[in-house]
Amino acid sequence: TECEKEPGSLLWIFVMVGNIVRGMGETPIMSLGISYLEDFAKAENSPFYLGCLHTATVIGPFLGFLLASFCAELFVDLGSVDAEDITIKATDARWVGAWWLGILICASLNLLAGIPFWFLPKSLLKEGETNKPEETSKKNIALLQENNKNEARETMYEIAKDFIPFLKALFHNPVYMLFICITVLQFSAFNGMISFMPKYLEQQFGKSASDAIFLIGVYNLPVICIGYFFGGLFMKKFKINIYQAANIAFWVSLLEYLLYFAAYWTVCDSSPVAGLTVSYE
């Protein structure tokens, strides 16, 4: 009768709500953060700052892979089960790592990292300007009030009427379209590797989940981090504009994506599987 009972734990709700809050906190970094850098940094320094920002976004996943590798070596019931009572190893397909430990560690670090933001001033000067914060804040308040009045005058009909022409102009913007193509190419290559490479390393080479995660992080993310950093320096050094940067990024991403097809020429012998590649006898 005990085996027939279904688990009624509602802990999944906490995980779901936690991921929703995490997404709400991560979203402004790439959307508002990049806009903030463009508005408050000098034109010649903006590419370098953006390179630093993207470098930081790669260092985070790299450290995350290392943390995940560490947590995957620990059994999921850490603290409630004696290590001597566990009869399976980390390379066993039935092994489940302490995935929840990484979430707790990251949540604690995020709380600590958010504390300094409470002490930032309400307004910051644009790089190179000497206006007083009081004057800048008064100008910002006046601009906000004027924008609110203009937005209040607009009706839903006027907004809807301008939507199609705006969308048409957006699709005729070469920089925007190149950026969309770059994003599709990069995510198509990166997501496939992140989704299937760990399991492939486990099955084909007999690696544990922790070793597979560690190898992916070590082999891929440092190179991407270096590329982001030197890309920002390259743009600042040669004063590359947005259109030129989009063209360079598109062709480099296309070349990168085509190089992934070289994996089709990497063929290994199939493992002997009873009933599939060899007979049961």
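Cβ from N, Cα, C; glycine included.
Annotated features in TrEMBL:
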- 12-36: transmembrane segment (TRANSMEM)
- 48-76: transmembrane segment (TRANSMEM)
- 96-120: transmembrane segment (TRANSMEM)
- 175-197: transmembrane segment (TRANSMEM)
- 212-234: transmembrane segment (TRANSMEM)
- 246-267: transmembrane segment (TRANSMEM)
*For the transmembrane segment (246-267) and the transmembrane segment (175-197), decide whether they are in contact, meaning at least 3 CB pairs lie under 8 A, counting pairs 6 or more apart in sequence.*
yes
*Given pairs 6 or more apart, does the transmembrane segment (12-36) have at least three Cβ pairs under 8 Å with the transmembrane segment (96-120)?*
yes
*If we call contact 3 or more Cβ pairs under 8 Å (sequence gap 6 or more), are the transmembrane segment (48-76) and the transmembrane segment (175-197) touching?*
no
*Beyond the flanks of the transmembrane segment (212-234) by at least 6 residues, Cβ under 8 Å*: 47-52, 54-55, 58-59, 61-62, 64-66, 68-69, 72, 193-194, 197-199, 201-202, 240
_Are there residues at least six beyond either end of the transmembrane segment (96-120) with Cβ under 8 Å to its Cβ atoms? List them, or say none._
15, 18, 22, 25, 64, 67-68, 71-76, 78, 90, 209-210
